[in-house]
Amino acid sequence: MEGLEENGGVVQVGELLPCKICGRTFFPVALKKHGPICQKTATKKRKTFDSSRQRAEGTDIPTVKPLKPRPEPPKKPSNWRRKHEEFIATIRAAKGLDQALKEGGKLPPPPPPSYDPDYIQCPYCQRRFNENAADRHINFCKEQAARISNKGKFSTDTKGKPTSRTQVYKPPALKKSNSPGTASSGSSRLPQPSGAGKTVVGVPSGKVSSSSSSLGNKLQTLSPSHKGIAAPHAGANVKPRNSTPPSLARNPAPGVLTNKRKTYTESYIARPDGDCASSLNGGNIKGIEGHSPGNLPKFCHECGTKYPVEWAKFCCECGIRRMIL
């Protein structure tokens, strides 16, 4: 090939050889330089040029990476036809109910309950939730079901093994008998009045004895709290807590025995100094405070329970009043 002159220079024209990688043609001298460079660029992936980053350089504009588009979740097939049919059935059932109410005939049966197929049913409580709520609820309901089952096992174990206190105590059965030696009657449990007891002023002794016996028989039907109130009237040695003024004791009301509740509330009046006494039909009876702790029993004569404190007046288990030795 002959050389050609261009712009005062000589350019050699020879045979052009193609590149094996990109397919372009080069002179043999240039192809030696192009070969390794083209091979390197082909094996190495070229980075995309971000023009916005280059424009933001030297300015206050922050360079934010572009957000990648999220793939849209697949759409579920809509159940609009089923929902439409359920809606029509509900309207027809409501119209039939209104017509039956107007005519006064028999009410039609309610339509069957409908469930949304898109909801997920909880295996523990059988309720239905959407996907987001079901993921949170099922774990919570699982823990709740485990706790309830554990509580049920614990309650059955405690029922199978009752406490010793419930095994020891048995409430006494109220039995009436004519024999004087039995201790089942309420009057025999209370201390009997001694011969040196105080007599009521202005009232015959026969009436006092009859009233005390009638009160002793009525103690069986009263609650433990009423027994504690009525017990001081049965014996002369028992000293109740509350008192009445001497003026009330000298002039007793005629309807004391007829109205028990009124008698109990009005006949007990506490003094500010702490000493108490009670009156029934004008008679004064001393309380437990006057006795020393040595004269009082430590255990209940009815159920055998020990009194928690020395000044206890009633049994904390059965409610029977504490006797005096």
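Glycine is treated like the rest: Cβ placed from N, Cα and C.
Copied over from Swiss-Prot:
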type	residues	note
ZN_FING	15-44	zinc finger
BINDING	Cys19, Cys22, His34, Cys38	Zn(2+) 1 binding site
REGION	43-83	region 'Disordered'
COMPBIAS	48-58	compositional bias 'Basic and acidic residues'
ZN_FING	118-147	zinc finger
BINDING	Cys122, Cys125, His137, Cys141	Zn(2+) 2 binding site
REGION	150-260	region 'Disordered'
COMPBIAS	177-188	compositional bias 'Low complexity'
COMPBIAS	197-216	compositional bias 'Low complexity'
MOD_RES	Ser223	phosphoserine
MOD_RES	Thr244	phosphothreonine
MOD_RES	Ser292	phosphoserine
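Location within the structure of each feature annotated in Swiss-Prot.
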residue	record	Cβ within 10 Å
Cys19	Zn(2+) 1 binding site	15
Cys22	Zn(2+) 1 binding site	12
His34	Zn(2+) 1 binding site	15
Cys38	Zn(2+) 1 binding site	18
Cys122	Zn(2+) 2 binding site	18
Cys125	Zn(2+) 2 binding site	12
His137	Zn(2+) 2 binding site	17
Cys141	Zn(2+) 2 binding site	17
PLDDT averaged over every residue in the zinc finger (15-44): 91
Remote residues contacting the zinc finger (118-147) - C-beta distance under 8 A, at least 6 residues beyond either end: 76, 79
Three-state composition of the region 'Disordered' (43-83), taking helix and strand from DSSP: 11 helix, 0 strand, 30 coil
Chain residues outside the region 'Disordered' (43-83) and at least six past its termini with a C-beta under 8 angstroms from it: 117-118
His137 (Zn(2+) 2 binding site) and His34 (Zn(2+) 1 binding site), Cα-Cα, nearest whole angstrom: 66
Chain-mates of Cys122, Cys125, His137, Cys141 with C-beta within 8 Å of site centroid, Zn(2+) 2: Pro123, Tyr124, Arg127, Phe129, Ala134, Ile138, Phe140, Lys142
Those binding-site residues of Cys122, Cys125, His137, Cys141 having Cα within 10 angstroms of Cys19 (Zn(2+) 1 binding site): none
Residues flanking the Zn(2+) 1 site, with Cβ no more than 8 Å from the Cβ centroid of Cys19, Cys22, His34, Cys38 and excluding those residues themselves: Lys20, Ile21, Gly23, Arg24, Phe26, Leu31, Gly35, Ile37, Gln39
